[in-house]
């Protein structure tokens, strides 16, 4: 980090550091104090740094704003410069028009100081912080640190002194800053010290510095400034101002001035320098010496060598005309012609233009105007002609001659202008030749006031006296200016007083024109006006002026606008709006503005004329026109819009025109006995006989106390009484207010929109009554009516629905009413839809579903037809499978559209038509609940849904009498056969019908029970009542079938096993004849399980749509139980029937299991795979069942064929037996 050198000075007045920037320059700046406190330009002296290097000129060093001189510690001297307890920092500075730091010394935020110039105030600023004591910026007075204008500046000696805890700042010799500190300042060992600044936040001042000194006393600065005016130029001749005060005291160059050229790109004489370097004359100042230090001398730059030697080469050496000693060179700078050989500083002979050497042994430069001298400023002779020696300093030009200092040329003194006795340039005089004249600002001289000239002022009597009233004139009798103030020239160019002034004598004195009275524009005495200043005024007979009529003044009439116009209705006034008198007759003064007509009079406009106020109507106390009154004379009357006054309500006008009160029951009347209107709730009868009666509630007119003829708003007349309209309710005897009911909406996970009305609607809404808007989504919707207060809108989307999709729902039917006669309050609703991904139906599945309906109908019909020749159990198995599969979608499971359409299409076989639509109204009940409606049910009416099954039942039921009739015939075996069929038919048919219809009846019943009756007694009241009774009965039968079957079969199990018990099996054989019944009681309970499984399926599909996993789990569980039961007991006698039933149950188990899988989230491809699996499983199972039906059919045909053969053989044998008997008898007879 370097070492620290502490320099102690014991003798007062020691110079601690001295930089002579006016003559010494280079990368290294020599400390002329002899203390070796060398400075460095920029950070490094060994190589050039364009940003931080200073620019050396013949006017000292130039700081560019980012350049600086760095005293120790620096790249040259590795020690810190320590300030003593008392110190002065002195510098001559020429600033440009800028702001910044000239110097700063910084240890940290608690120890630092800087010297700064403020551009705004043109002042010196010092910031001095010691031990954290910071008073802030200390500023001098404004303009104490001047700046340059157009490259012409001012040199200022800036001094900072610290002594006894006090900081002082001097601008030249003036104390301009002073502050006393509590804490003393002591220098810190390490710091940043810059002349200029490298601190980004503290840019330096753009300026020139000639001399920079640090001393240990507080008065050394006085040595470097002179308050005597100097004309000596310390820089290039003719580059300085003609004189300066204060003058710079340079210990080595003398006292004088320095060029004030602040253009750093020029030398002091305004010549432009090249290569962006400083220059002297045309020579660039560029130090290339081997010791990095140069000096300016005799308009040239030299190497500054040890021992004060100067060289013009790149290295220091001595050459002629220098005297070389053993240790140094004698400097030859033009002043000394010879040096002492023993002492290089002793000059023996001085050159011309110098004086000495004297006791100082130094040749000093004469004042530059001196041809010869014996003192620094005292000439013995002058260089210029027409000049003489000045007793104070240098030379002066003779009278009628002038010269620009310094007078250093033979022709420096030139002739003045011809009118000048003395001058300082060719045109401007200092004194004049003519008497009664003075120096002119532009050229020569001019006559004094009161004098004129007819030729150049080259004689003493050239100026001639004017006429006595003239201060200036062109001839004796014609003035151009007057002596007296407040005058002007008339047409004859004589002096007269201006307006507002008058005179009593001739205008020979400065105050000859005396002021008029202040109101007067012109006057002839001090008080009496001839004309007035103010417009709309006239001279007063005694004094001044007064305003005309209809004008007033608030101040003296000293301006043209002093008389202000009154309000236009005023004849006289003393304020702008307040009249003293009015123009119009029958009027009076208003307190706020103008005038108003008296009571009983009115005006049609502004009251500008005497007749502006006209008489009112006779009824009026006041009015605004004729005949419209404002206030009536009669207190019981009010102004009428038709003119005059009319009696108040409850009064009538008598024959004298006076308003008298009506009868107490009258609101208005014709006279004391004839009412026109009634008070309160009283009304005039319809026949208007003149008296008032009390009308019934809500009546606006009546004939009597009980007979209304008109009603109030929102009420209607019914049978001579008034009732509030529908949607309104009576709030008082004379008003009906709105009666509302409300509606709210909710959104399901599948974006079904439920509308819940707070009251039941009195009229059912249809789909066209709703307007559903979902922006940017393609959709359609259907309406489902759950009951009269609950509606469901089911949208069908053709594209995916993003999360929070907005929708707007509007009930567009005008006036919706409830059964309680309330009106709907809100018709518009808005909400957000849930995210819904639409699965596009696989075209293969869609086409397959379209053909499934026809195929299933053919398959079922064929199976039933083939069952005629065989056991029909195979056909029943196929129908059972189709039933369970087709009702699977009647829930809220997330099945794909393809699966739903496929399942529904399987069950859409109708073996017989349904006539129930011709008997029952499909709208007699509300629409099916949402899942059933989505499934495909179009109505909730039980008999319509149950119609095909019922027709089948009726068709087979009609066969019963036909079978009975055939069994009674005498056609032998046919009668016996049909008798056997009849015995089985009476029981087996009904049991089998119930087995197959159980699932359908259960669903149809629950759908009916979950609906609401809509058609009243005018429609199908009796039919719906009967339907509900039947449905309730069938519902009970559905619930009781499984337990009844279980209990009865348990009791009759021994008879079930006994196949010879014809009586039991004829009645209940349909439940057991297909089975082996050989593995205990449970093995005979297939149909008990069958009914239980379907009962659970119905309940779960209808009532468990809010718990889908439980719903699906029950379906899968009971399917697994059914499969397990079949595999374990193998109950069927016929193997092919067992295969058919088992295939159906396995199919149902797989499909229900896949339906459970659909509850989870999968990709579209997985869902397509699951969809295909369902379809293939169902089609495979139905294919197996159809094959088994075909097999059973063929087997039945074979058995039937064998029976036919057996029958034919038996018949043949019977025919042969009588022949044999006859032959035997014949033989016996023959024998």
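Using the three backbone atoms N, Cα and C, a Cβ is placed for every residue, glycine included.
Range annotated as transmembrane segment by TrEMBL, chosen from 1067-1085, 1086-1104: 1086-1104. Here TrEMBL gives transmembrane segment for one range in the set 1027-1051, 1202-1226: that range is 1027-1051. Of the recorded ranges 1086-1104, 1136-1160, 1172-1194, the transmembrane segment (1110-1129) has the largest number of C-beta contacts under 8 angstroms with 1136-1160. When the domain 'EGF-like' (661-693) is classified with DSSP, helix, strand and coil residues number 0 helix, 13 strand, 20 coil.
Residues 599-600, 602, 604, 614-616, 666-672 of the same chain, all 6+ positions outside the domain 'EGF-like' (622-660), place their C-beta atoms under 8 angstroms from a C-beta of that stretch. Looking at the domain 'EGF-like' (661-693) alone, the prediction's average pLDDT is 81.
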